[in-house]
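Student: The structure under discussion is supplied below as structure tokens; questions concerning it will follow.
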Amino acid sequence: MLLFFTVLSEWVYLGAVLLSLLLLILSVTAKRSSSGLQRGPSLSFRASVSSYRVALMLITCLCILAVDFTIFPRRYAKTETYGTSLMDLGVGSFVLANAIVSRQARDVSSGNWITGLKGTAPLLLLAFIRLVTTSGVDYQVHVTEYGVHWNFFFTLAAISILTSFVNIPAKYCGILGFSVLAGYQTWLISGLNTYLLSDERGTDIISKNKEGVYSILGYWGMYLLGVHLGYRLFYAKHSNIRSTTSSIARVFLVSLLLWIVTILLDNYVQRISRRTCNMPYVTWVLAQDLQALGIFMLSSYIPMNKLSSLEEAIDQNLLATFLLANLVTGMVNLTIDTIFASPFSSLLILTAYAFALSAIIGTIHFSGFRLKFW
């Protein structure tokens, strides 16, 4: 991953094609063999989702530090207004990954709204801790990303609070999610988009954090659609919890339809914008992530395929991994002038960072510790 994001970035498409062909060859070979026909998929849907979530987290952790070095291609960095990039997927993918496997998607009772609010408290605590620490050490924060005070944990907390108050069955989440997104997109087209992308900021708290506050509607709509898709594709009565051929086909079909919708929205409604989390951005994240999830489900046909120890460790401590990555990233940026680091030094630092992150999370998992809030 690290090599394809840095020194081998020009070869990433060739690498993706070759790896995809290898996966298809292994899958077809396994399916045609007698043992493959008897066994079927070797991994459950849950294991495939775990691999997908771990890959998403590893990519995120590598990118948040790599982006500060010159060997990281600028085309992978977050866009300022419109467009798409690798890092634009981060926040949306994290929200969607949690929605697909949420208790709501699995049609499991999550208690009343008071229980939901209690579960949100740790996220709010992390949000304020990040706000205080970044302000205290004068750490560089891109105001156009979320606002002056807002951060990713506030967005997660807001989604959790809204979901606690509006707790409806998964089969109806799609209707609500689409309604929220349609209303928000209409508001954006009617003038809100111009305000959010402008440099205009008032003195009130909402105006100072306009990007983070208003984009909650987009991320909440995305979460609701993710819950509905997770329920319909994997947890409804007609679905088989194992990565069967039919379930994999459904995932790829829905992904294809979402790609078509994304192209239409991007060309005829509004260009994709992570900053506002508009409807084209939501459908783009859904299409991209379902496509990736389908590939992970396809890999379940490879004989003797199972989760690695590192995957198990990170999957059990996704939030701890993200927090540790943010902490180490901040420490590196405060001690090293990353802009002037040579390509060799940059790659050496990033490799050491990736290894240290994996080793620490592996040790935490081995000790039996687990940190999960959402």
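Glycine too: its Cβ is placed from the backbone N, Cα and C atoms.
The structure displayed is predicted, hence computed values, not measured ones.
Sequence annotations record features per position, and here TrEMBL assigns transmembrane segment to 12-30, 51-72, 84-101, 113-133, 148-168, 175-196, 216-235, 247-269, 281-298, 318-341, 347-369.
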Student: Taking the transmembrane segment (318-341) as reference, which of 12-30, 113-133, 216-235 has the most Cβ pairs under 8 angstroms?
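Tutor: Stretch with maximum Cβ contacts: 113-133.
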Student: If you count Cβ pairs under 8 Å, which stretch among 113-133, 148-168, 175-196, 216-235, 281-298 touches the transmembrane segment (12-30) the most?
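Tutor: Counting Cβ pairs under 8 Å, the winner is 281-298.
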Student: Take the transmembrane segment (216-235) and find every residue of the same chain, 6 or more past its ends, with a Cβ under 8 Å from one of its Cβ atoms.
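Tutor: That would be 45, 91-92, 95-96, 98-102, 104-107, 155, 158-159, 162-163, 170-174, 176-178, 180-181, 183-184, 241, 247, 250-251, 254, 276-279, 281-282, 285-286, 290.
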Student: Do at least three CB pairs under 8 A connect the transmembrane segment (113-133) and the transmembrane segment (281-298), leaving out pairs fewer than 6 apart in sequence?
Tutor: no
Student: Using Cβ distances below 8 Å and needing 3 or more such pairs, separated by at least 6 in sequence, tell me whether the transmembrane segment (84-101) contacts the transmembrane segment (347-369).
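Tutor: Not in contact, no.
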Student: Could you check if the transmembrane segment (51-72) is in contact with the transmembrane segment (175-196), meaning 3+ Cβ pairs under 8 Å among residue pairs at least 6 apart in sequence?
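Tutor: These two segments do not touch.
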Student: Report, as numbers and ranges, every residue of the chain located at least six residues beyond the transmembrane segment (148-168) whose Cβ falls under 8 Å of a Cβ in that stretch; write 'none' if there are none.
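Tutor: 91, 94-95, 104, 110, 113, 115-117, 119-120, 123-124, 126-127, 130-131, 134, 176, 201, 205, 208-209, 211-213, 215-216, 219-220, 223, 374.
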